[in-house]
Each structure stands twice: as structure tokens, then as C-alpha cells.
Amino acid sequence: MTENRRDEFGLISYVTGRQKVPTTLRKRITVGNGDDAAIVAGRVNYEWVACCDTMVEDVHFKRQTMLPSDIGHKALASNISDVAAMGGIPLFYLVSLGLPHTWSEEEVAEIYDGMGALALRYNMALIGGDTVAVSGPLTLTITVLGEVERGHGLLRSSARPGDAVFLTGTVGDSGAGLDILLQERWGIANIPAEWMPLANRHRLPEPDVQAGRLLATSGIRVALNDISDGLASEAWEIAQASNVRLELEEAAIPLSAPILHYADVSGNNALDWAFYGGEDYRLVGCVSAKHKENISRAFAERELPLYWIGEVQAGSPEVRIHWQNGESTTLPKKGYNHFNEER
């Protein structure tokens with residue numbers, strides 16, 4: 001859709017004026033939107049956590065699979081998940097938008113509305129960004145600033161032999177949801193109700209910030225990674241960063257009832273989505289096996305899901321899967337990769 005839009009400054013004022021600043025953050029924003037840069041106050045004994053991610057139209061999303069508000073939600077959720085994987089608290093975000101003329105002013109506002117609604121749930125504030133006209137596809141880049149207690153950031157490189165491997169939720173749902181959304185016979189508005197939980201896991205992911213915070217404040221050593229490119233890829237990242245071998249159990253991989261049902265009727269293998277689908281934004285990590293009971297209890301007390309899926313052993317970096325038929329194989333290191341477009 002092409003229409004007469006406000007100029008850059010008018011559009012920025014329009015879309016950012018719809019955003020709300022949580023009361024808890026107002027005193028920390030010395031200078032927000034409207035100047036050359038934002039100024040925010042840090043806290044004593046905390047370190048900043050910073051991350052940045054980009055979504056490009058027809059690479060990360062298609063109009064047939066995402067509403068404008070979904071795009072904003074998911075772009076911010078991806079960054080929040082990175083902060084969660086470090087055990088941090090997301091606080092502020094900046095948005096850079098490359099905007100083609102094929103997107104209307106109201107659609108742009110809806111993208112920001114999607115971000116704003118999610119930001120409010122996590123007590124975050126928009127503090128700046130940039131908007132430019134582009135001749136190519138819509139490009140949305142978000143930078144998130146968070147904080148974590150000094151010395152308590154959770155790293156991929158912290159796994160050790162003897163650790164237990166865990167997941168903070170079911171995996172594969174987003175990949176199955178994308179498969180559903182790409183079915184031309186449906187479209188977003190006509191997806192059968194039984195498949196909507198899967199479609200929504202793709203369109204509207206919820207980062208596991210509470211789980212990350214629980215682990216960061218537990219006082220124990222934790223290796224952690226978020227599942228953006230697929231369980232296989234993220235497990236390999238832990239193995240390589242920690243120089244260890246991860247041994248996973250097929251029977252322990254948590255799969256939701258909807259994905260099992262959809263895989264059955266569509267003739268797909270749910271485990272393919274679990275290992276390689278990506279964009280589940282669950283957390284995969286490792287803790288010493290002696291802490292399993294305490295961690296399980298802490299998650300249960302907060303009604304947070306937790307699944308134990310394997311163990312860490314000494315050896316060259318590798319991820320192995322023990323299948324229910326008794327065989328074990330190396331889990332291929334693949335997932336979503338922007339440069340080989342393999343999923």
C-alpha cells in the first residue's frame with residue numbers, strides 16, 4: 001500500500017508518542033526520545049547487557065505469516081530472549097526502521113504498537129532510534145539494553161563434565177507454526193483453532209526472562225543459551241564454547257500435544273522442528289547434576305516449566321542424541337543460518 005506519509009520526524013513523533021514509559025523506569029531516563037541520544041542511569045553493582053537483532057521482510061517474515069503488530073512483538077521478543085539467556089533484566093530499547101513506500105503509516109504504527117505492548121509486560125521503555133526510507137524490503141533493527149548483577153551474567157562457556165542439561169519449555173512449536181502459516185489454503189485469519197497455539201508460538205513468542213533471572217540469582221554455575229536457531233544449533237554453541245560433549249536423550253525432548261498431533265496429520269517429524277526449526281526462544285542450559293533437585297524445586301515453586309534432557313561429558317565438542325531405538329548419533333549442527341538459508 002502506498003500513501004502520503006508524514007516526513008521522518010513527524011512519523012517518529014507519531015509512532016513513539018503511542019508508547020508508554022513504565023513508572024519504574026522514569027527516574028532512570030535522564031534524556032529520552034527527542035534529542036541526539038538518550039541518557040539513562042545505571043545502578044551500582046550491576047553490569048549492562050546489550051544486544052541487537054535485525055528482521056528483514058521476506059527473510060525473517062512474510063506479510064502472509066505476520067501481522068504488523070506481530071512483527072514488532074517478535075523483533076523485540078528476540079532481543080529480550082538474548083537478555084534472558086544472560087540472566088539479565090531487559091530495560092530499554094532502540095528501534096531502527098528501514099521503511100519502503102509499500103508500508104502505510106498505520107502499519108508502521110502497528111509495528112510499534114506490537115513492540116510497545118510487549119515492552120509494557122516486561123517493564124521496558126523505548127528511548128530512541130532512527131527511521132529511513134529504503135527502496136528494498138522493510139528492515140527492523142532493535143537494540144536492547146538490560147542489566148544483570150555484577151559477575152552474575154550467564155555464559156555459554158560455563159558447562160562442565162558432570163552437568164545436567166535442561167530446557168525451559170517445549171521446542172519445535174514455532175517451526176511447526178511457520179509450516180502452518182505458510183499453507184496458502186488458510187492465511188492467518190482462517191487457521192483452524194486446533195493449530196492456532198502453534199501459529200501463535202511462531203508469531204507471538206514469549207521470552208523466558210523469569211527463568212533466566214531465577215538461574216542468574218541462584219548462586220550456582222549455569223551455562224545458558226536461548227533457542228533462536230534451533231535446539232541442535234544452540235546445544236552445539238554450548239558444547240563448543242565450553243569444550244565439552246552434550247549427550248541428549250530423544251525420549252526427554254519435550255514436545256507439546258499440538259505439535260505431535262500436527263506432525264501426525266501432516267506427515268512430518270516433530271523432532272525435526274524441535275532440533276532445527278528455531279525461534280522457540282526457550283532456554284537451554286547446563287548445571288551441576290548435584291543441583292538438579294534444588295533447581296527443579298525452584299522452578300516448580302514459581303510454576304515455571306523445566307525439563308532435564310541429557311548430560312555433559314568430557315570430550316571434543318559434540319552434541320550426541322541417544323535415540324529410543326538404542327542407537328546414538330551425532331546431532332548435525334544445523335539450524336537457521338542467514339548465509340546458507342538452511343532450516
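Along the chain as shown, residues are numbered 1 onward.
Cβ coordinates come from backbone N, Cα and C, glycine included.
The domain 'PurM-like N-terminal' annotation in TrEMBL covers 34-148. Secondary structure counts, DSSP: the domain 'PurM-like N-terminal' (34-148) has 35 helix, 45 strand, 35 coil.
All protein chains shown were included, and the count of other CB atoms within 10 Å of the CB of ASP36 (Mg(2+) 4 binding site) stands at 6. Annotated Mg(2+) 4 binding site per TrEMBL: ASP36, ASP82, in sequence order.
Look at TrEMBL and you will find ASP36, ASP82, ASP226 tagged as Mg(2+) 3 binding site. The Cβ of ASP226 (Mg(2+) 3 binding site) lies under 8 Å from the Cβ of SER81, ASP82, ALA84, ALA85, PRO207, ASP208, GLU234, TYR281, ARG282, LEU283, VAL284, each of which sits 6+ residues away along the same chain.
Sequence annotations record features per position, and here TrEMBL assigns Mg(2+) 1 binding site to ASP53, ASP130. Under a cutoff of 8 A between CB atoms, and with a sequence separation of 6+ in the same chain, the neighbours of ASP130 (Mg(2+) 1 binding site) are VAL95, SER96, LEU97.
For ASP53 (Mg(2+) 1 binding site), the same-chain residues 6+ apart in sequence whose C-beta sits under 8 angstroms from its C-beta are ALA75, SER78, ASN79, ASP82, THR141, ILE142. Under the heading Mg(2+) 2 binding site, TrEMBL lists ASP53, ASP82.
Feature annotation from TrEMBL assigns substrate binding site to HIS60, GLU279, TYR336. Every protein chain considered, the tally of other Cβ atoms within 10 Å of the Cβ of HIS60 (substrate binding site) stands at 20.
Per TrEMBL, ATP binding site is recorded for TYR112, GLY129, ASP130, ARG156, SER228. Residue environment of SER228 (ATP binding site) contains 21 other Cβ atoms, counted within 10 Å of its Cβ in all protein chains.
For 160-316, the entry in TrEMBL reads domain 'PurM-like C-terminal'.
Of all the Cβ atoms in the protein chains shown, 22 others lie within 10 Å of the Cβ of ASP229 (Mg(2+) 5 binding site). Taken from TrEMBL, the feature Mg(2+) 5 binding site applies to ASP229.
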Secondary structure of SER228 (ATP binding site) (DSSP, helix/strand/coil): coil
Of ASP36, HIS60, GLU279, i.e. the binding-site residues, those within 10 Å of SER228 (ATP binding site) when Cα atoms are compared: GLU279
Assigned element (helix, strand, coil) containing ARG156 (ATP binding site), judged by DSSP: helix
Nearest of the binding-site residues (HIS60, TYR112, GLY129, ASP229, GLU279) to ASP36 (Mg(2+) 4 binding site), judged by Cα-Cα distance: GLY129
